[in-house]
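Read through the structure below, which is laid out as structure tokens, and then see the notes.
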Amino acid sequence: MRNSHNITLTNNDSLTEDEETTWSLPGAVVGFISWLFALAMPMLIYGSNTLFFFIYTWPFFLALMPVAVVVGIALHSLMDGKLRYSIVFTLVTVGIMFGALFMWLLG
């Protein structure tokens, strides 16, 4: 014999909980746009010679794109959906990651 009680559900009881707001799409867009801005910064600083540098190192910079998107999602959710703060912090964070990779590849 088991020592348990039967659980009865009535129509008043709901099994669904209140869903939290998701911030993945705006954060992903912010992360991708900040990756594009970070990709353009070496071209603005060093000019057209950067394209020859990117010919050999494009896989490294392409690998930063999903990282930038995840950083955008994470920072947007940490900022409780405040778009202005998440844009600023994502741009700074992705720019630092991009700059660190660029300086590491330059030697």
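Positions of Cβ are set from backbone N, Cα and C atoms, glycine also.
Feature annotation from Swiss-Prot assigns topological domain 'Cytoplasmic' to 1-20 (among others).
According to Swiss-Prot, the topological domain 'Periplasmic' annotation covers 44-52, on the basis of sequence analysis. Beyond its flanks by at least six residues, the topological domain 'Periplasmic' (44-52) meets no residue of its own chain at a Cβ-Cβ distance under 8 Å.
The topological domain 'Cytoplasmic' annotation in Swiss-Prot covers 76-86 (among others).
For 21-43 (among others), the entry in Swiss-Prot reads transmembrane segment.
Annotation comment: Swiss-Prot describes 53-75 (among others) as transmembrane segment.
The transmembrane segment feature in Swiss-Prot is assigned to 87-106 (among others).
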Chain residues in Cβ proximity to the transmembrane segment (21-43) (below 8 Å; excluding those fewer than six residues from its ends, i.e. six or more beyond): 50-51, 53, 61, 64-65, 68-77, 81, 83, 86-87, 90-91, 93-95, 97-99, 102
Tally of residues which DSSP labels helix, strand or coil - the topological domain 'Periplasmic' (44-52): 7 helix, 0 strand, 2 coil
